[in-house]
Amino acid sequence: SMASPALLMRVVASAYSVAEKAATIVRNVMSAGDLGIVEKAGPNDLQTKADRLVQMSICASLARKFPKVTIIGEEELPTDDVTEDLIEDGHCEEILKKPCPAQYTGIKEEELVIWVDPLDGTKEYTEGLLDHVTVLIGIAYGGKAIAGVINQPYYNYEAGANAVLGRTIWGVLGLGAFGFQLTEAPAGKHIVVTTRSHSSALVNECITALNPDHVIRVGGAGNKIIQLIEGKASAYVFASPGCKKWDTCAPEAILHAVGGKITDIRGNSFQYNKEVKHMNSAGVLATLRNYDYYAGRIPNTVKESLVP
């Protein structure tokens, strides 16, 4: 008889279904019209009813199935009983059929940390820039991002009334990434994707130093990594604190699964063990290919002003 699937593949298969449920919640909150917006640290740091409901749904659903896993979400929420309608019990059969990479077959529940961004690109969500929005579930082991799920609730939303809305991208290191068409940015073109609502003099100084052919300003870390893996941008550059571990964990796993690279602006890799501080204080530099080209052009003045 077949051995039962390894824990990691069961967690990813469940996270896939949980992310699809999350997308439904995100769309329902938007179509109901009352976003319930709360300012956290200021007008660029918002939380909506969707952030709150989605985080409750993701964390409660995964905790029920995998009680010993550490789950860290962006929002500070009361631990009230979560209503049953928020629980997703399903899993993606397709993922369970894939082989677990050998180095991860022995993982135990208590060794996993799941980083959850219930709605990445909240500001864009409130402004109706719906294609910027993602739901991020990143899975870490030994401090490294090893698997991730990115759902885009509004993928295809400009394709007309009959289009199927939303898609789920997932990946595991050593296995690959699925749910999209891997595409490289045009050769010889330097297209930089960066922040839309968190710009600063330092962010702009860094981009100018790269002398890009084109700069794309969009919301959401998940969205920016998708720009890289679909060939719309060649580098994601953010020379500022502000990005957090739940923004980068899932995207990092997917990017690394297809041979890309993400670090802070100084070239340090991110750590995802449960004790780690949540802020990525030294910014983000990510590429699908040619990481060294961009890393070599980050000015020292920029590196020195960002302390990890």
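All positions are counted from 1 along the displayed chain.
Cβ atoms are placed via backbone N, Cα and C, with glycine included.
Note: TrEMBL annotation is automatic and uncurated.
Record features (TrEMBL):
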BINDING   GLU74, ASP117, LEU119, ASP120, ASP247  Mg(2+) binding site
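Everything TrEMBL records as a feature, shown here on the structure.
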{"residue": "GLU74", "record": "Mg(2+) binding site", "contacts (Cβ under 8 Å, 6+ apart)": "ASP51, GLN55, VAL116, ASP117, PRO118, LYS244, TRP246"}
{"residue": "LEU119", "record": "Mg(2+) binding site", "contacts (Cβ under 8 Å, 6+ apart)": "VAL26, THR48, ALA50, ASP51, VAL54, TYR125, VAL133, THR134, VAL135"}
{"residue": "ASP120", "record": "Mg(2+) binding site", "contacts (Cβ under 8 Å, 6+ apart)": "VAL133, THR134, VAL135, LEU136, GLY220, ALA221, GLY222, ASN223, ASP247"}
Task: Using the structure shown, find which entry in ASP117, ASP247 (the binding-site residues) has the sparsest Cβ neighbourhood within 10 Å.
output: ASP247
Cβ-centroid neighbours of Mg(2+) site GLU74, ASP117, LEU119, ASP120, ASP247, 8 Å, sequence order: ASP51, VAL116, PRO118, GLY121, THR122, THR134, VAL135, LEU136, GLY220, ALA221, GLY222, LYS244, TRP246
